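Annotated in Swiss-Prot:
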- D87, D89, T91, M93, E98: Ca(2+) binding site (BINDING)
- 3-38: domain 'EF-hand 1' (DOMAIN)
- 74-109: domain 'EF-hand 2' (DOMAIN)
- 109-141: domain 'EF-hand 3' (DOMAIN)
- S2: phosphoserine (MOD_RES)
- S6: phosphoserine (MOD_RES)
Amino acid sequence: MSTDDSPYKQAFSLFDRHGTGRIPKTSIGDLLRACGQNPTLAEITEIESTLPAEVDMEQFLQVLNRPNGFDMPGDPEEFVKGFQVFDKDATGMIGVGELRYVLTSLGEKLSNEEMDELLKGVPVKDGMVNYHDFVQMILAN
C-alpha cells in the first residue's frame with residue numbers, strides 16, 4: 001500500500017482544509033486522536049512547542065511514530081480511586097454535578113460540550129452515576 005492510500009494520509013487530508021499539504025500545528029492533537037492515538041494535553045503542548053506553525057505529512061508521521069509513543073489511558077483502578085474521593089458514603093456512586101465538576105475542572109479538563117456528549121451515554125439514576133461502570137465505559141471507548 002502506498003503512503004498516499006494509508007489511513008494516516010487520508011486522515012491528514014481531511015485536516016488539510018486548503019489542500020496545501022500542510023495543517024496548522026494546533027490541529028495535531030485532533031489528528032492524532034483521529035488516527036487512534038490518545039495524547040494527553042501535556043503531550044500535545046510538548047509536541048506543538050517543537051513544530052513549525054504548519055506541519056506537513058512527513059512531520060506528522062514523525063510525531064505519530066515518535067520513539068516513546070503516547071501515554072496509555074491508565075489503569076481503571078487509578079480512575080476509580082480518583083472518584084472515591086468524592087464518594088463520601090462509599091456507595092460506588094457520584095453525583096452528575098460532581099462528575100461534571102471533576103471532569104471539567106481538574107486534571108485533563110473536558111469542555112462543557114465534551115462533557116454533555118459524554119453524559120449522553122451514561123446511565124443516570126436519581127442524579128447519580130456508578131463510577132465503576134463509568135470508568136469501564138470510558139476506557140472501553
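Yeah, the Cβs are placed from backbone N, Cα and C, and that goes for glycine too.
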Using DSSP, how many residues in the domain 'EF-hand 2' (74-109) fall into helix, strand and coil?
-> 19 helix, 3 strand, 14 coil
Same-chain residues six or more away whose CB lies under 8 A from the CB of T91 (Ca(2+) binding site)?
-> M128
If one looks at the chain holding M93 (Ca(2+) binding site), which residues at least 6 apart in sequence have a CB under 8 angstroms from its CB?
-> D87, M128, V129, N130, Y131
What are the non-local neighbours of S6 (phosphoserine), defined as same-chain residues 6+ apart in sequence with CB under 8 A from its CB?
-> none
In the structure shown, which of the binding-site residues D87, D89, E98 has the fewest Cβ neighbours within 10 Å?
-> D89
Cβ within 8 Å of the mean position of the Cβ atoms of D87, D89, T91, M93, E98: remaining residues of the chain near Ca(2+) = F86, K88, A90, G92, I94, G95, M128, Y131
